[in-house]
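K.L.:
Marked as substrate binding site by Swiss-Prot on the basis of sequence analysis: 9-16, 22-23, Arg61, 88-91, Lys99, 115-116, 159-160. The active site, tele-phosphohistidine intermediate annotation in Swiss-Prot covers His10. The active site, proton donor/acceptor annotation in Swiss-Prot covers Glu88 and rests on sequence analysis. Per Swiss-Prot, the feature site 'Transition state stabilizer' maps to His158; the stated evidence is sequence analysis.
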Amino acid sequence: MSRTLVLVRHGQSEWNLKNLFTGWRDPGLTEQGHAEAKAAGQRLKAAGLKFDIAYTSALSRAQVTCQHILDELGQPGLETIRDQALNERDYGDLSGLNKDDARAKWGEEQVHIWRRSYDVPPPGGESLKDTGARVWPYYLHTIQPHVLREETVLVAAHGNSLRALIMALEGLTPEQILKQELNTGVPIIYRLNADSTVASKEILSA
């Protein structure tokens, strides 16, 4: 038995491919995205993992990724909790815009600040700090208790919701977490100590 938490960013979405701000909008996966999600499941299977429960967001790109992984593991009917607490960062007025068009409208420097600062939200949206303010309490109250009961837990979510979770798990500074890129469909395996601190981290790259 081990206290195991696996984080996976959803496979490539149609809007990732088009370079659009996605946030809480709900585009589907590309063919590549479906393949990435299935490959993530295959790598987890090769690592000998089976899950006790899965969590995902209220957005279909994460839900489909989660299901592909469970299908590859032979666990298609596993209990899966869907909650908007795990949704991507809300990009507000930027949602649906091409990133180049956003730079033309607001200026490259301003868009860079919205994308890469920790606590400056775009108009009508969330900062990474805001995203963490909903993700981390949800993790502590809902997900972590399963891990500490020596269960193996899957979380299939989004680049920024997972970045906020990783920041708190690893005790990273805003500067450190903002430098981290999470590739689509790449599982990150955490083993936790009994006191909930991180014992080890492994990235299952292709």
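Glycine residues also receive a Cβ, built from the backbone N, Cα and C atoms like all the rest.
These numbers come from a predicted model, not from an experiment.
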K.L.:
Including all protein chains displayed, how many Cβ atoms other than that of Gly23 (substrate binding site) lie within 10 Å of its Cβ?
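P.N.:
For Gly23 (substrate binding site), the 10 Å Cβ neighbour count is 22.
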K.L.:
Using DSSP and three states only, what is Arg9 (substrate binding site)?
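P.N.:
Where Arg9 (substrate binding site) sits, the three-state DSSP reduction gives strand.
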K.L.:
Checking the recorded positions His10, Glu88, His158, which are within 10 Å of Lys99 (substrate binding site) at the Cα level?
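P.N.:
Those close enough: none at all.
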